[in-house]
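Enquirer: One structure coming up, written as structure tokens, with questions to follow.
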């Protein structure tokens, strides 16, 4: 025992004895060699003092106005109808009920005095019985109590109950993948070397911190991780290390997680970011390596996220405190709204959590979100980016396939793929959403570039973000299974988006893409505002190149990917890792001095896979979450997830 265990006794706390008989406190042991009878007398006198103090100093309640809470006086918010009633949800209304009979108060006080007297008599009798016992009997009782405390401590130290055994999904294609082409092999080796440089720099200068400042050569963190050192880069990079065969580095990361990763910290974190990076990363590491520690840590964290769903609608808060469970939303998000891409990007991980734990809560939480959205009206068939978790109403009517919306659509498609194509509800929802997006958001520029704009209050903004470039890969991934024989159409649409995003790279000085680019005023695929000219090591364009390569094997996608890899190595590499740059149109850019954890999780992983053979992480067996963490397809067959309905009832 490293800390003293304190045993409550008659309102006091006394130190328990260690198994060897010594006090847990650093006092001389002779000070504890007092007669047990003397100790009991001291305790008895303290208790008598407490009782008489309580008796004589009780306030005279008759001098104060009484308030009684009747059920009829309390307004309890109903989840199903948060807008009912004239009071705001969560408000408690208490009505005073003064004027009670004075005689009733005197009776209550007399009853309370009688209870105190009875408690006092009982305590006195117990003390007398103790004093009649022999020294041996007292020692035996003390030892029994001590043994009970030790047993309780052992149970507490044993940790949570073991998870139920479940069949491990078939894991295939998790290593090697060496391409037959010599030049592809050389390029793949270069990508692995870049990963090694990024990891080794973090290992040397930022170990245990969430991210790295590669120029300052020290740790870095942002508010999405709270104020704690959770080792985000370690968790995010694990599966990339494993896939690349960097097993010593993987082992270092595993040891840090075993010894240091603690989610019992007082930190307010982003539910979305922690889910996709930590839970996704830990689950992927578990499935790839089979190491139980990753599964256990993922479940520990997931339990800490569940309080975020305690809202009137079941739509989770954006942030939750890991220690207290208190949640809230971002202050900037449309009148306290939750964000579509955040509460809509939980399904993959939560389905796997239910599968691994047998706990239906995770599956039920995400299915509740889906059902709620299905009942809501959607302007022009589009999903706005903001939804108020208190009222269940849409916020500002802003729709985007880039930031704030992107991965909601991605997870609809991937829920279907991960279910071995049995979740037809998810597929139908995806198809309907993409049809509305095509109708209202996708346009061709005067120069012939296909782009995805943003819908704002009935107006199409002809601007596309780097984040939206993932959609080319999504359209290609979802082509097979499209309604009305549209597979060819969506594969072509994916190719057109890939081409547009490549142009956004090719039209810069550094051959790296800006954060956002416009299609008006004679400018196409070019950033206009200074605060949109930066590149922060983002993966979305390379992600689309990889998917397009897998589905077409057109060599231009490897060529474009290699151009991006060379530009990153030339302009973002520094001695202490890799840094984002602030202006891709400047020949002498300044650095932002941040090595993002997603650079190791996504950008380098997609580049490595682009130059690997298709039998490494085959898409028939794996589905990548939005942070590029691969989760296996669940070939459940006739198995029903805990908490789900049989397919025939859905």
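The backbone N, Cα and C atoms fix where each Cβ goes, glycine too.
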Enquirer: From the ranges 17-37, 38-58, pick the one that TrEMBL records as transmembrane segment.
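Expert: Checked against TrEMBL: transmembrane segment maps to 38-58.
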Enquirer: For the region 'Disordered' entry in TrEMBL, name the matching range from 96-116, 117-137.
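Expert: From TrEMBL, the annotated region 'Disordered' range turns out to be 96-116.
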Enquirer: Among the disulfide-bonded residues 469, 501, which residue has its Cβ surrounded by the fewest other Cβ atoms within 10 Å?
Expert: 501
Enquirer: Write out the long-range same-chain contacts of residue 626 (Ca(2+) binding site), meaning residues 6 or more apart in sequence whose Cβ is under 8 Å from its Cβ.
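Expert: The list for residue 626 (Ca(2+) binding site) reads 276, 345, 406, 407, 410, 411, given in order along the sequence.
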Enquirer: How long is the line from the C-alpha of residue 469 (disulfide bond) to the C-alpha of residue 273 (active site, proton donor), rounded to the nearest angstrom?
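Expert: Answer for this pair: 19 Å between alpha carbons.
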Enquirer: For residue 515 (active site, proton donor), what residues in its own chain, 6 or more apart in sequence, show a Cβ-Cβ distance under 8 Å?
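Expert: Same-chain residues close to residue 515 (active site, proton donor) (Cβ under 8 Å, separated by 6 or more) are 465, 466, 527, 531, 532, 533, 534, 535, 536, 538.
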Enquirer: Compute the C-alpha separation of residue 273 (active site, proton donor) from residue 540 (active site), stating it in Å without decimals.
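Expert: Residue 273 (active site, proton donor) and residue 540 (active site) have their Cα atoms 16 Å apart.
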Enquirer: Residue 273 (active site, proton donor) has how many other Cβ neighbours within 10 Å of its own Cβ?
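Expert: Looking across every protein chain shown, the total is 21.
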Enquirer: If you skip the near sequence neighbours and keep only those at least six away, which residues in the chain come within under 8 angstroms of residue 540 (active site), Cβ to Cβ?
Expert: 466, 467, 468, 469, 470, 501
